[in-house]
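First up is the structure itself, then whatever we jot down about it.
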Amino acid sequence: MVFPELRSTENYAMKNPAITSDLSQLSLCFFIKLVQDQGDQIVLSYAFKHGNDIIVEIYPTRTDFIVDNKLFRFNSTNLYDDTWQHVCLTWENTQGATKLYKDGQFTEQVTNHATKNYALKAGGFLVLGQEQDSIGGGFDREQTFYGRLASVNMWDKVLSESDIAAQYTNCSVPHGSVFNWSVFKSLTHGNVTVEEP
């Protein structure tokens, strides 16, 4: 999926409802290609009633993963190198722990106990390429994603390191149990086009 260089709030893909059952754990994986430093960029956001329940935001020197408006900051990633990279984020509510994997390898764990016992609510809007300042809208041009995304999938469990490594090594990604990439390819808006790596 190609998000053009000319940023616009019209460029996104959206699914509603994206999640059909509440989640106490998840794995979110995707392939990404960022061609240059464009400041902060929103890969995806999930919003239910009171704002963004999930945000994946990429900066030149870090990746922020937000769950229930609680920040998990990963400082060990630089994704702006004009190559396809595989990223997986996992979260579970037993300890409030998240892990980040890049190109099939574990890179960092961050814990935020404020997400212990939190359940991600079903029935919200999932948007690729934009942050939602209102449910399903309120997009900000400055945060629009510019680059390429592929194989965006979410599972209702924490994937094992071997499962994540296999996704990267084989470039064959099983369909996510919560949502899968094939659905999004027909839900694009604006000048977003579909292209596989």
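Here the Cβ of each residue, glycine as well, is placed from N, Cα and C on the backbone.
According to TrEMBL, the protein carries these features:
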- C29-C88: disulfide bond (DISULFID)
- 1-197: domain 'Pentraxin (PTX)' (DOMAIN)
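Following the DSSP three-state reduction, the secondary structure of C88 (disulfide bond) is strand. Around C88 (disulfide bond), taking its Cβ as the centre, 25 other Cβ atoms fall within 10 Å, counting all chains.
Summarised as a single figure, the pLDDT of the domain 'Pentraxin (PTX)' (1-197) averages 92.
Annotation note: C29 (disulfide bond) sits in a strand segment as assigned by DSSP.
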